[in-house]
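Okay, structure first, notes after.
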Ligand code: FAD
Ligand code: NA7
C-alpha cells in the first residue's frame, strides 16, 4: 500500500515537473533545448542521453555542453608551484585528473611488482629494473588526449555543441560564457543540467598554494616527485601514496586522524599495515602548519598530537585533503537555487529549487563522489526529462544512491559494497548481525611466497535470513569481484545464496562461496547447508 502510494506520488511529481515536455515548443523561445554546464562524467552522459531520447522522437535537439577548467600545464615539480593554463579537454575530473590517469599509475605500480616476481615464473629479468617516470607521464597524457578525441567525435556525431568556456548564470534561462581569450557571449536555454564537479582543496596554511600540488597536477609532473609528503588519509591520499611508493618514490603520509573515513575501519587499518610493509611511512596524528621553500626542496613544519613542532624537508608536497564543490561560482544563489553544505541541494529527481535547473554528480548534496554515479544519475535524469515512455514507467528511473560499489587502489585493492561493520553495528546492534571473515593467500602469492595471508574478505549479514548488507574484499582484482557482488546485493542476496553458489577454481572470488568463520565465534561454523 505504502509502496503503491509512494510510486503514485513519484509519478505525479514527475508529471507535474515535466508537464509539457512531450511538446518541446517552449524551447523555440531559447537558443538551446538543453545546456549541460560541465563536460565531465555527469554532463556528458546527460547530454548524450537527452540527444538519444529526443532524436528517437524525431526532434532534432539543440544541446550544448559548456566546459572549462584551469588545468595545470605539463609541469616541473620544483622549485615553485606550476603554471596554470586554460586547457582542459572534455571528460572532466575522471578523464583528465582522476580515475583514468590514477588507474594507469596504479597499474604501472602493479607491473613493477610483476617484474619483481617474474623470475619465480621462469622469466630472466635483470636484478635491478628501473622505472622511467617521464615516459609514463607522456603516455598517460597521450592516452588522455585520445579520450578527448573520442569524446569530441562522439559529440560531433550526436550534434552536441561543445563550448569551451566558463559559464555563469545571468537569469534563470540565460548564462554568460567566457572563453580563454576573454570573449564573452550569452546563451539561453530551456533547461540546464549542472555537473560542474569539485576541485581539490588546500588547507589554510602558509605556503600551501604557493608550494604544494594536488592530485590535479600529479599526473602531469614531468619529473618524478621523489621524496614526497602526502597530506590526508582518504581515498585519493592513500591511492596516490600507494602508486608513488610502487613507482620507487619515497613517500610519507601525514594523517591527522583515521585512514579512509567512512570505509570499513578493519579493512582500512589492514591497508595502512600493507602500505607500511611496502615502504610508505605514516605520520599519525600530525598536521602541517607551514611550508616554505628551500633551494630545490620544501620545508614542512608540522605538529603532532602532543603539540610538538617538527620540521622536515621534501621534494614534493601533495595535498589530498578533500574536494570543494565549484558550483558556488555559477551565480545560482541569486536565482534562488538552494545549497546544502556548499553543494547544490536537489530532490530525488536531481532537480534544484528552480524546476528547469537540474544538477548531478559531485556537485550535489545527494551523491557520492564517483564517476559511475554521476554517469548513471545524468543518464537517468535525461531519460526522465525527455523519454516519451517515461510517464508510463515507474520509479525505477530514479537514481538509487544506496549500495554503490567502489574500489580503492592502494595498490592493495579494496572493493566494498554496502555498509561498513561499524555502521551495521550502529544501525542494527551487534547481536543482530553476523560477520563472516576470511584471510587467505591466493595461489599466485603462495607460489611467489609474497603477500601471504594479505587477501581478506568480509561479508556482513543481518536478520535470520542473513541478508547481505556489506561486502568488503582486500586483494587482487577487487573492482572486478566487487562489481559482480554489487549486482547480487541489489537483488537481495543472502548468505545461503553465496553458500549454494558453485565457485570458480582456482580464484580468490571462490572464497565467498565457502565462508564459515564468523567474527562472533571465531570458530568454524558448519552453516553452509549445501
Ligand atoms: P567532473 O568530472 O569534475 O566534471 C565537471 C566539469 O565541469 C569539469 O570539466 C570542470 O572543469 C567543469 N566546470 C566547472 N565549473 C565550470 C563552469 N563554471 N563553467 C564551465 N565548466 C565548468 N571515481 C570513480 O568512480 N573511480 C575512481 O577510481 C576515481 N578516482 C579518482 C581519482 C582522483 C585523483 C580524483 C580527483 C577523483 C576520482 N574519482 C573516481 C571521482 C570522479 O573523478 C568524480 O566523481 C567524477 O569525475 C565526477 O563527475 P562530475 O560530472 O560530477 O564532475
Ligand atoms: P575526503 O574523502 O574528503 O578526505 C579528506 C582527507 O583529508 C581526510 O583524511 C581528512 O582527515 C584529511 N584532511 C582534511 N583537512 C585536512 C587538513 N587541514 N589537514 C590535514 N588533513 C586534512 O577527500 P578526498 O580528496 O580523498 O576524496 C574526495 C572524493 O573524491 C572521494 O570520495 C573520491 O571519490 C573522489 P579527517 O578524516 O577529516 O581527519
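Every residue number used here counts from 1 along the chain in the order it is shown.
Yeah, the Cβs are placed from backbone N, Cα and C, and that goes for glycine too.
NAD(+) binds 232, 233, 234, 235, 236, 237, 238, 239 as TrEMBL records it, and from the list 150, 182, 322 the residue named for this site is 322. Averaged over the domain 'FAD/NAD(P)-binding' (32-378), the predicted model has a pLDDT of 93. The most densely surrounded of the recorded positions 94, 238 is 238 (count of other Cβ atoms within 10 A of its Cβ). The distance from the Cα of residue 238 (NAD(+) binding site) to the Cα of residue 362 (FAD binding site) comes to 20 Å. Secondary structure at residue 94 (disulfide bond), as computed by DSSP, is helix. Among the recorded positions 99, 234, 236, 238, 505, the residues whose Cβ sits under 6 Å from any atom of ligand 1 are 99, 236.
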